[in-house]
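Pulled from TrEMBL, these are the features on record:
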BINDING   Gly174, Arg175, Ser176, Ile240  NADP(+) binding site
DOMAIN    15-129  domain 'Tetrahydrofolate dehydrogenase/cyclohydrolase catalytic'
DOMAIN    148-293  domain 'Tetrahydrofolate dehydrogenase/cyclohydrolase NAD(P)-binding'
Amino acid sequence: MVTEHAMDTEGARIIDGKSIAAAVRGEVAQRVAELVARGIQPGLDVVLVGDDPASQVYVRNKDRAATRAGFRVRTHRLSAVTSQAELEALVDRLNADDEVDGILVQLPLPRGLDSDAVVRRLDPAKDVDGLHPFNVARLWMDRPGLVPCTPAGCIEMLDRSGIEIAGKRAVVLGRSLLVGKPIAALLLARNATVTICHSRTPDPAAVCREAQILVAAVGRPELVRGDWIAPGATVLDVGINRVETADGAGRLVGDVHFEEAHARAGWVTPVPGGVGPMTIAMLLSNTATAAANRRGRTSA
Ligand SMILES: Nc1nc(=O)c2c([nH]1)NC[C@@H]1CN(c3ccc(C(=O)N[C@@H](CCC(=O)O)C(=O)O)cc3)C=[N+]21
């Protein structure tokens with residue numbers, strides 16, 4: 001077959017998260033402009049507790065992307081020794097502030113803080129991470145409200161690449177609340193046949209080999225090798241792992257061995273430049289949605 005021959009020689013097609021994310025951000029900027037034209041300035045408040053260097057970088061990137069899309073952005077930086085009560089008092093204040101449309105509490109929180117309690121405290125209408133139990137329940141009831149950003153980004157990448165979901169066998173590697181479970185729910189809602197693999201699955205490679213759509217979200221560098229992948233499958237790599245290199249510089253790798261996946265898959269996302277940029281784009285999209293919903297929707 002012509003397509004198979006082309007795949008043998010050229011490898012999988014790359015799903016370019018960077019350019020898809022840029023397109024989504026452009027559409028969000030348009031929605032924000034429409035709100036501003038109606039006299040509404042949508043606002044995002046980001047809460048960062050402690051000084052984890054990776055979290056600092058992510059929060060800076062979110063702030064910059066949101067500002068460029070036209071949002072009012074405030075980042076609240078709290079010390080690592082902030083108490084549960086202080087953090088919840090800030091959430092209460094942001095919940096009560098009518099100018100705040102989206103609240104994002106950067107996770108993980110430092111040791112000793114109860115992130116479940118903080119997430120439960122959020123106004124579900126402002127929960128742009130889609131992690132409040134109310135939004136989680138809506139997702140599994142096929143009436144999604146605010147959907148977790150990384151899973152939403154995965155679906156967006158499939159849709160914008162013209163990859164059919166309905167009727168496909170999908171395997172999700174990982175069962176976290178932030179990624180694995182919500183991706184499984186979204187794929188199921190789109191009529192895929194979904195299997196979730198995890199650390200206690202006896203032969204994950206064999207299960208993954210059945211997948212027409214494979215989502216890797218376990219945080220284990222290059223766990224998924226070429227022989228885990230069915231020829232022609234679509235592979236979404238959610239992992240972002242920093243690994244040591246001989247020169248000491250370090251580099252980012254996903255949960256998938258990219259070269260081996262590229263040689264076998266039909267479509268594959270790179271790391272970096274794949275799912276990561278989509279996460280931020282979908283955060284902006286959720287914030288625009290929250291603003292439109294909260295402030296009386298006529299468009300956007
Ligand atoms: N409440 C909460 N919501 C989150 O959505 C959330 C969070 N907490 N905590 C941390 C994780 C991580 N995360 C990323 C976002 C963007 C990239 C991203 O843009 N990555 C780029 C560059 C990565 C780099 O160079 O470091 C890429 O993959 O190309 C990565 C990771 C959101 N998270």
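Placement of Cβ uses the backbone N, Cα and C atoms for every residue, glycine included.
Taking a Cβ distance under 6 Å to any atom of ligand 1 as the criterion, the binding-site residues Gly174, Arg175, Ser176 reduce to none.
A simple way to gauge crowding: the CB of Ser176 (NADP(+) binding site) has 16 other CB atoms within 10 angstroms, across all the protein chains here. Remark: Ile240 (NADP(+) binding site) has Leu252, Gly254, Val271, Pro272, Gly276 as non-local neighbours, by Cβ distance under 8 Å and separation of at least 6 in sequence. Secondary structure of the domain 'Tetrahydrofolate dehydrogenase/cyclohydrolase NAD(P)-binding' (148-293) per DSSP (helix as H, G, I; strand as E, B; remaining residues coil): 56 helix, 28 strand, 62 coil. Sequence-distant neighbours of Gly174 (NADP(+) binding site): residues of the same chain at least 6 apart with a C-beta under 8 Å from its C-beta are Gly180, Ile196, Cys197, His198, Val215, Ala216, Ala217, Val218, Gly219, Val238. Contacts of Arg175 (NADP(+) binding site) defined by a Cβ separation under 8 A and a same-chain sequence distance of 6+ are given as Lys181, Ala184, Ile196, His198, in order along the sequence.
Mapped onto DSSP classes, the domain 'Tetrahydrofolate dehydrogenase/cyclohydrolase catalytic' (15-129) shows 60 helix, 19 strand, 36 coil.
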